[in-house]
Amino acid sequence: MITILGAGKVGMATAVMLMMRGYDDLLLIARTPGKPQGEALDLAHAAAELGVDIRISGSNSYEDMRGSDIVLVTAGIGRKPGMTREQLLEANANTMADLAEKIKAYAKDAIVVITTNPVDAMTYVMYKKTGFPRERVIGFSGILDSARMAYYISQKLGVSFKSVNAIVLGMHGQKMFPVPRLSSVGGVPLEHLMSKEEIEEVVSETVNAGAKITELRGYSSNYGPAAGLVLTVEAIKRDSKRIYPYSLYLQGEYGYNDIVAEVPAVIGKSGIERIIELPLTEDEKRKFDEAVQAVKKLVETLPPQLRE
């Protein structure tokens, strides 16, 4: 069973996409009475229209997630116009700690995937408060960041984004750093296809993509995160050993300990199987460090009970 914690925009977009991909045992949990039940019923009716067999239910009780093999955490407040991910920290950290206790009590064997922002810090809280192995506490971010970079590259070059391999590291926020040197199109290094100015434009568009969506429509991205969550579920369920970037707890990788950072990793049926350490230049190491320090700063502002 796949449990989605939170029946808001991201949670419901995820549920719809999972249904359309054939995942037929879904549970929505949210605190608002009637909200997850109504959403589940609406989605069940849609499935009937489409001829899709699905078992989906809604609940206000966290006990109902017993037996879940994957828990997708989408609960929390979304980013409002003008609000940074960092400003979400205090508002969502307590929610993560509370959900961690619920997951630990009722779904102790589940793989937990977090999309609540600021996701790097929220993943740190979830890891610390569940006490789960780090392989089973995964912050979703990098798939979306890299996909955004691939989209902007494809738009500038007039090619399919399926041919683009884009890499973003560090964190999900303003200190994320796209890595043009390690990105390519059809196997050709990006630096051979685009000018320095064009690459700088792609980097800027990628970093500011989330804020642009929020500014344009008044609330943060939901379809993008949902699509990435679905890819993550598929990689776990199919044991496909895909390499995706995630926000993960580091234990010596890239020279860091006791912090979460966005790095590429192999994912399969047990969660994260290994973190891939890319060869970085001195300038790239500096940018990676800036991202890590930004996450550390966020974590250090949390009360001790949320980070220990």
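Glycine is no exception: its Cβ is also placed from the backbone N, Cα and C atoms.
In the three-state DSSP reading, His172 (active site, proton acceptor) counts as coil. Residue density at His172 (active site, proton acceptor): 31 other Cβ atoms are found within 10 A of its Cβ, drawing on all protein chains shown. The active site, proton acceptor annotation in Swiss-Prot covers His172.
Marked as NADP(+) binding site by Swiss-Prot on the basis of similarity to another entry: Gly6, Ala7, Gly8, Lys9, Val10, Gly11, Asn92, Thr115, Thr116, Asn117. Asn92 (NADP(+) binding site) falls within a helical segment according to DSSP. Counting every protein chain shown, the Cβ of Asn92 (NADP(+) binding site) has 22 other Cβ atoms within 10 Å.
Among the features that Swiss-Prot reports, substrate binding site is placed at Arg79, Arg85, Asn117, Arg148, with the record citing similarity to another entry. Shown in sequence order, Glu205, Thr206, Ala209, Gly224 are the residues of the chain, 6+ apart in sequence, with a C-beta less than 8 angstroms from the C-beta of Arg148 (substrate binding site). Arg148 (substrate binding site) falls within a helix when secondary structure is assigned with DSSP.
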Conformational class of Val10 (NADP(+) binding site) under the three-state DSSP mapping: helix
Span of the NADP(+) site, taken as the largest CA to CA distance across Gly6, Ala7, Gly8, Lys9, Val10, Gly11, Asn92, Thr115, Thr116, Asn117 (Å, rounded to a whole number): 16
For Thr116 (NADP(+) binding site): DSSP state (helix, strand, coil): coil
Inter-residue C-alpha distance, Gly8 (NADP(+) binding site) and His172 (active site, proton acceptor) (nearest angstrom): 21
From Gly6, Val10, Thr116, Asn117, the binding-site residues whose CA lies within 10 Å of that of His172 (active site, proton acceptor): Asn117
